[in-house]
Amino acid sequence: MLYFSVTFQQSSRFSALLRERDSVCRLAGSAFRHRSTKTAPQLPGMEYQDAICTLNTLQTNASALQQVRQERNHPQQQLQAMQGFLERAGLTVEELNRLNIIHVTGTKGKGSTCAFTEKILRSYGFRTGFYSSPHLVQVRERIRINGQPIGKDIFTKYFWQIYGRLEESKVDASGGTMPAYFRFLTILAFHVFLQEKVDVAVIEVGIGGAYDCTNIIRKPWVCGVASLGIDHTQILGDTIEKIAWQKGGIFKPGVPAFTVSQPEGAMAVLRDRAKEIQCPLWVCPNLDDYQTDGTALHLGLAGKHQRWNASLALQLSNSWLKRRCSPGKSSRMGQGLLLSLNSGLANTEWPGRNQTLKNGEVTYFLDGAHTVRSMQACVDWFKGSAAQHEKNASGPVARVLLFNATGDRDSAAMLKLLVPCHFDFAVFCPNITEAIVSCNADQQNFNVSVENMLTRCMDNERSWHLHNRSLDQGGAGLLIEERLVPDNQADTLVFPCILSALQWISQGRDAVLADPNKQVLAVKPNIRAKAAVLREAAQIHVLVTGSLHLVGGVLKHLSPTYSN
């Protein structure tokens, strides 16, 4: 602990800079905190940022999760509270039935399953709504119409409508409060989909299922359970059976439900839950078992695990279409449906999941894996994809890992799986996009201190050394000018923000990162010298993983598309 106190004392200037940056957004949010829709801000170009900064005043995720843990013995109170917020926002549970909802839960793959499902139904000609979490770069990515994040003007318009109603009704509500961040966005998504008159709403569960705020839905058209694993154990339980019980909580009487192949214990629990709730439950076949007259099913998302997600999406889509379409039309589905919707599977895009992005001589492999099981799938994908890219390289290729993990994730177990990838460098940084005083409100997190984030990075670095059997006694510091940097750790580096990490990794070989408008933190000469292998390699391959928030921060810097 003595070492850490020295490190943070030396990095106090950086921490102070970040706190100054965050205070800008806090003040911006409080300035509009009490405005209703009648007094929505009118400053040109500022309305969206004002809305996001105000939204961030509801960032109580850490305390909300603690409340969930405390109320596990009274779970209905959570759903009752959600219904109260919904009604204060001017909506009713019954209105949600008009959205023809597909409700999807799971530990790994639920987002990809939703993306496949949304694309399939959109390719069939329906107007789709898609609610997911978390976002990568901008909050409005969570609420999509026809596959695209809603525009800033649309987000702003509906945000102030809902925020104003909730703010004004606090006086009338007994002990009235504002909903937490995720609850608010869920209500906002329902409102947007109703106002925009979507034909179908694909809703991804946040955490768990039974007591998740999305489970206020009473009459979905079909439900799905993607692959189950161990995650959010403090909330959902520490065994696969307990987690399966929570996930099965989205089942509704008489509503068809589908699941992929699950571990034996989890499958038994899901079957018991379905029987208890009187919900018909089917297990999806392997994608190879579909009869397509010899036509191969192509997927737009990479990775073998996506084949199960695609199969689940096909079952969800088929079930929804059978209910939506006329009996005569539905009877002609089967093979014809699979062939016609192959384009839906092939053209699905879901950024930050098994995504490859090439900028000049630097290729980025991005995957937001954050559980042990999803990290194994990430490793399998990276090994195969990177090997294919290396075949076309004109010389030696340098491999770099950029990693971070948040919450109660088992970082050490995930890092152990990454060791066999043989990285030349393992780089760690917090989910801080850059160290500038600006209101980059979409990616602000007020629930974790800068010091805690940096401590986590250094813990991750120590875990990496342990797995490589080369743990140094002294640890490491922040790799920027005037800070402690041991000279005997050439294979691991800790940077204070995503931009500084990317700039060091790319060594000026990525034109996007070489933009003179981007601030560059000075790196000590001995650290620059260690990057010789990166400057001399024919190509640099960078795996970014451990956190979707980290992946989002990287995408913000690498691709202007995600920032606009």
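Each residue, glycine too, has its Cβ placed from N, Cα and C.
Here TrEMBL flags S133, E204, H232 as Mg(2+) binding site. Annotation comment: TrEMBL describes R353, D367 as ATP binding site.
Locations of recorded TrEMBL features on the structure.
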residue: S133; record: Mg(2+) binding site; CB count, 10 Å: 19
residue: E204; record: Mg(2+) binding site; CB count, 10 Å: 24
residue: H232; record: Mg(2+) binding site; CB count, 10 Å: 19
residue: R353; record: ATP binding site; CB count, 10 Å: 27
residue: D367; record: ATP binding site; CB count, 10 Å: 26
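Looking only at the binding-site residues S133, E204, H232, the one with its C-alpha closest to R353 (ATP binding site) is S133. Spacing of E204 (Mg(2+) binding site) relative to D367 (ATP binding site) is 19 Å (Cα to Cα, whole number). A Cβ within 8 Å of the Cβ centre of S133, E204, H232, the residues given for Mg(2+), is found for these other residues of the same chain: K110, G111, S132, P134, V205, G206, I207, D212.
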